[in-house]
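See structure below.
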Amino acid sequence: MIEHLEQMMEISATRMENNTSSCFLMERKTHVKVNRKEVMLAKLRKSCSCTPQKLKTFFMDFFPVLRWLPKYKCKEYIWGDVMSGLVIGIILVPQAIAYSLLAGLKPIYSLYTSFFANIIYFLMGTSRHVSVGIFSLISLLVGQVVDRELLLAGFDLNDDAPAASGDVPLQNDNLKWLMTSRGKVLMGIFRLGFVSMYLSESVLDGFATGASLTILTAQVKYLIGIKIPRSQGHGMLVITWINIFRNISQANLCDVITSTICIVVLVTAKELGDRYKHKLKFPLPTELVVIVVATLVSHYGKLNEVYASSVSGAIPTGFIPPKVPEFNLMLRVALDALPLAIVSFVFTVSLSEMFAKKYAYTIRANQEMFAVGFCNIIPSFFHSFATSAALAKTLVKTSTGCQTQISGVISAMVVLLVLLFLAPLFYSLQKCVLACIIIVSLRGALRKFRDVPARYHVNKVDTLVWVVTMSASALISTEIGLLVGIVFSMLCIIFRTQRPRTALLGQIQDTTFYEDDLEYENLSTVPKVKIFRFEAPLYYANRNYFLKSLYRLTNLDPNVEAARRKKYEKKEKQHLKKGNHRTANGLGIRETTLQLVPKQIDFQALVVDCSSISFLDTTGVNTLKEILKDYKNLNISVLLACCNPSVIDSLKRGGYFGKDFGCMQEMLFYSIHNAVLFAKDQKLPADCSV
């Protein structure tokens with residue numbers, strides 16, 4: 001009796017301790033919840049608060065120049081920055097005038113663009129070496145919109161000098177650059193810098209090459225001095241070449257001779273510069289020399305008056321008063337602004353990251369969005385057009401000793417000197433000379449055709465993406481070509497995950513490693529074990545391909561085999577009910593039983609190599625559960641090997657290992673060899689309810 005009372009007292013004491021601990025745990029959980037709530041509120045207050053320190057950090061981040069300029073090492077950096085700034089400024093002037101042909105605007109607007117872009121990027125950019133300003137591809141996209149606006153305004157594109165009437169569509173284009181920049185700024189605010197990841201190298205190279213063909217085609221009429229309308233819409237390249245051949249008899253002999261001489265000089269100088277660049281301290285200013293000489297020859301030879309050679313015309317000095325764009329035209333240009341925003345941002349970030357990696361510093365992609373965006377917002381009120389980073393000028397910048405964006409300020413000062421004093425001197429400059437400068441600058445993009453065999457050898461799918469993007473950009477239009485390239489690239493990725501490589505593996509002799517028996521020789525087949533590899537994520541889109549490949553390589557469809565067995569079992573029962581000990585095939589019961597075991601089933605375990613399966617969705621988990629159940633009905637074990645933590649977590653949540661994960665150790669292995677050893681030792685598949 002006493003012992004019984006002692007036991008009762010112990011039980012009650014234990015219950016009291018449990019209740020006390022339960023209350024303590026409940027209080028602790030409540031305390032934790034309160035703490036989490038307080039932490040979230042504290043973070044919210046901190047993020048919404050406005051303190052002097054936060055304002056200082058905001059301005060320092062928004063204007064990176066405030067961080068690096070006070071630390072500027074004048075004695076170490078100033079010479080390289082001044083030299084590179086002068087060289088880029090000298091290159092910018094002829095390029096700005098030349099690219100005005102692509103944009104269909106007056107040369108003065110290109111100079112405005114170059115000036116403002118360098119100043120604003122100096123204040124807001126995070127790259128030390130990138131040269132931001134006019135870019136051939138961007139100028140081409142700008143020119144297509146200008147031509148469209150001229151047509152809508154009732155002007156005839158047969159006019160060889162549309163820049164004279166370029167002020168008509170300029171308000172629309174200023175609004176377009178404003179829309180472009182707003183898009184970039186919004187992308188920066190919402191941290192959408194990752195968008196650039198979806199433009200692969202093949203897409204960008206194909207787009208640049210296709211656009212280069214379009215640029216080349218647009219300049220041919222200036223090379224030979226014929227007057228043909230600038231084609232609009234899809235198929236511009238083909239239509240332009242048809243018009244060129246129709247009007248080839250009207251070619252201006254003076255322009256043809258001038259173009260031939262200029263191209264020979266420019267190409268020769270470029271080739272010599274590339275060959276001896278290690279001996280040259282800075283690149284030869286060939287474009288500037290050609291422009292100066294050509295202008296002098298045209299002026300004193302009176303080529304415009306005597307031979308009717310087309311010239312640049314009057315270029316005003318100073319700055320035009322700022323003007324607000326017409327916002328009622330916003331919807332009209334919004335669609336045109338999208339490809340401009342994407343292309344300019346992607347090229348700028350790509351170049352920034354490339355040179356940051358080369359010179360061991362970091363850039364901020366979202367801040368680059370802000371920088372390039374404001375390089376378009378502010379200049380849009382001063383009759384400038386869209387800007388972007390340019391590879392050729394950036395390479396020149398680094399090769400001439402650039403250390404910081406101080407070089408951009410020096411380049412802007414050179415452009416400012418031309419804007420204020422020297423611009424009228426280029427009145428007699430022939431347009432064919434500008435066209436030659438543009439065409440020779442396309443050498444790098446056109447040389448991509450030589451890389452096609454090497455690209456094909458490395459990756460056939462990437463080569464196909466390049467060809468499709470290039471063809472669409474050249475033959476349809478640049479904007480549609482970029483869209484086609486992005487969509488086709490994504491479709492290729494989807495297709496490659498839908499129909500990935502699959503293989504049965506064999507063991508490398510005297511090792512614990514397993515490889516594809518079709519790719520390697522002298523591999524040993526593991527008796528009674530099939531090892532299947534699937535080289536892609538397993539999700540809803542490739543589920544059927546996974547099952548078909550598995551059944552084909554193992555030469556066994558468990559569903560078909562199970563149906564066949566049920567059919568024979570049904571017939572056997574019917575004959576037994578009739579008292580006939582012979583089956584429908586004339587065989588005895590034992591013979592029938594032997595026949596029910598198919599000869600093609602030469603394995604008792606299936607090992608699935610999951611090393612290439614990066615993730616599983618719900619359909620993928622259900623597919624693995626399905627094959628586990630189907631093969632179990634045939635007394636075949638299914639073992640998973642080399643699963644990553646994400647896949648294991650999906651399998652656990654999907655109930656693949658049962659309710660309490662009791663069979664997990666018998667179904668999941670960290671290597672193929674461990675799974676094979678386990679399969680050799682076992683006799684029957686693990687009995688786990690899924």
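Each Cβ is built from the backbone N, Cα and C atoms, and glycine gets one as well.
The domain 'STAS' annotation in TrEMBL covers 519-679.
Summarising the annotation, TrEMBL assigns transmembrane segment to 77-99 (among others). Same-chain residues lying 6+ beyond the ends of the transmembrane segment (77-99) with a Cβ under 8 Å from its Cβ atoms: 107, 110-111, 113-114, 131, 133-136, 139, 282-283, 285, 287-288, 290-291, 312, 315, 393, 396-398, 400-404, 406-415, 418, 426, 429, 434-435, 437-438, 441.
Feature annotation from TrEMBL assigns transmembrane segment to 119-142 (among others).
Under the heading transmembrane segment, TrEMBL lists 282-301 (among others).
The feature transmembrane segment is assigned by TrEMBL to 329-349 (among others).
The transmembrane segment feature in TrEMBL is assigned to 370-392 (among others).
Taken from TrEMBL, the feature transmembrane segment applies to 404-422 (among others). Sequence-distant contacts of the transmembrane segment (404-422) (same chain, six or more residues past either end, CB-CB distance under 8 Å): 65, 68, 72, 77-78, 80-82, 84-86, 88-90, 92-93, 96, 108, 111-112, 114-115, 118-119, 121-122, 125, 127-128, 131-132, 317-319, 397.
Here the transmembrane segment (466-495) has Cβ contacts under 8 Å with residues 137, 140-141, 144, 198-200, 202-203, 205-207, 209-211, 213-214, 233-238, 336, 339, 342-343, 448, 452, 455, 541 of the same chain, all six or more residues outside its ends. Positions annotated as transmembrane segment by TrEMBL: 466-495 (among others).
Packing against the transmembrane segment (119-142) from elsewhere in the chain are residues 62-65, 88, 92, 95-96, 99-100, 102-105, 110, 113, 173, 207-208, 211-212, 214-215, 218, 336, 339-340, 343-344, 347-348, 351-352, 355-356, 359, 361-364, 367-368, 370-372, 374-375, 378-379, 385-390, 393-394, 396-398, 402-406, 408-409, 411-412, 438, 441-442, 478-479: each is 6 or more residues past its ends and has a CB under 8 Å from a CB in it. Looking just at the domain 'STAS' (519-679), the mean pLDDT is 83.
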